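The structure appears right after this line, and notes come after that.
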Ligand code: ADP
Ligand code: MG
Ligand code: MG
Ligand code: MG
Ligand code: MG
């Protein structure tokens, strides 16, 4: 099937893709005549050169392409249409042919398997935001490509042509785009694609980031998923909408509940709240992530949920149909590894279902404006304030550590501690401005 499709579309090269622990997409390109062999035997590569794979004794690993992920990369085609490049997302296997437990895609598959054992299919829909900046002398700048604002239209929204390009490209690879708009900040955009089963959504997020960057690049612009590139204005988040289906029906939906949320939905929500501090290490994995999670820019800071306002960590959006009953987690940002993020979120929710956890009451006030005493009265805790706090929270959460497995948990924590230590010792411009002449 895939072979035929590749031949019909004049595919000359196939990129075999997988993701390292930090969420960076890796490629091994093969010429088309190797594709059949890749399906039969897989493609061997040296795992010791991949971030997060290094601690494995056996460095020989095998990529096993997932045929359902075949897609032609429109931005890699040549004008004559005869030298196309396609991609296949792969699973990573060990020398014995076992799933490699350090492969983020496998970690998500493990949790999806657990959900299935409990009778659930997991669905997720992300809302990734990003900035588009001008380039100068081949380097990315911090100059926004346009000066539009939330939902602005052309002519202010100069980037709407680019956004159309991006969307057309995504549609070519099979994305169903639900909405796209200019975001609050200059140069900032959001493109929402349709929710899918968990593994597909994680694949889609990885593909989305590559596609957006590639199309921007073709226009001599730089797209970034860095969560907070500019101080003092909104950062880029990636809200994730979540639901479980059982026997084809939305298990979060209950028409008789005031929020239309079922017991399963409440349990899941409570599980995510319970594990929120540790989850943050995965959904907000870089030093810069915590520059977004500050008051005043619609990013969550407090561990609470709401059926109304958008200041809470979890929002229960009003659903128009039973199918669209879902909860929205608002902390994740687009720098996260989508496989690990969905794995820990789902496992936290399943933990809530298994333990039948009940969430606290929803908070209807603007949580940013609550006094400390009120927050205490409502039992509202705060999210980790920086990467170090998040890593410490992760270290204390057995459920989330188990989701990742020893190998990945250890490797992730080590990489993030190093990142934090480097940052901690760095003297910033803010400090120079503030202190140099004062002391
Ligand atoms: P917001 O109001 O937060 O901006 P949007 O309407 O932009 O939310 O995005 C809604 C997202 O929720 C979309 O990605 C959509 O595909 C997704 N979604 C809809 N129904 C479900 C569901 N049952 N499970 C998971 N995600 C869903
Ligand atoms: Mg939105
Ligand atoms: Mg948005
Ligand atoms: Mg949206
Ligand atoms: Mg949203």
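Glycine is treated like the rest: Cβ placed from N, Cα and C.
Annotations in TrEMBL come from automatic prediction, not curation.
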Among 222, 239, 275, indicate the single residue that TrEMBL lists for the Mg(2+) site containing 127, 129, 183, 190, 328.
239
Report the candidate from 310, 320 that shares the L-glutamate site with 234, 235, 292, 298, 330, as recorded in TrEMBL.
310
Taking DSSP states H, G and I as helix and E and B as strand, how many residues of the domain 'GS beta-grasp' (9-97) are helix, strand and coil?
19 helix, 38 strand, 32 coil
If you count, for each of the binding-site residues 239, 241, 292, 310, 330, the other Cβ atoms lying within 10 Å of its Cβ, which residue has the minimum?
310
May I ask which of the recorded positions 129, 183, 234, 235, 330, 368 have a CB within less than 6 Å of any atom of ligand 1, listed in sequence order?
none
Of the binding-site residues 183, 235, 330, which one sits closest to residue 243 (ATP binding site) when you measure Cα to Cα?
330
For 234, 243, listed as binding-site residues, tell me which one has the smallest number of other Cβ atoms within 10 Å.
234
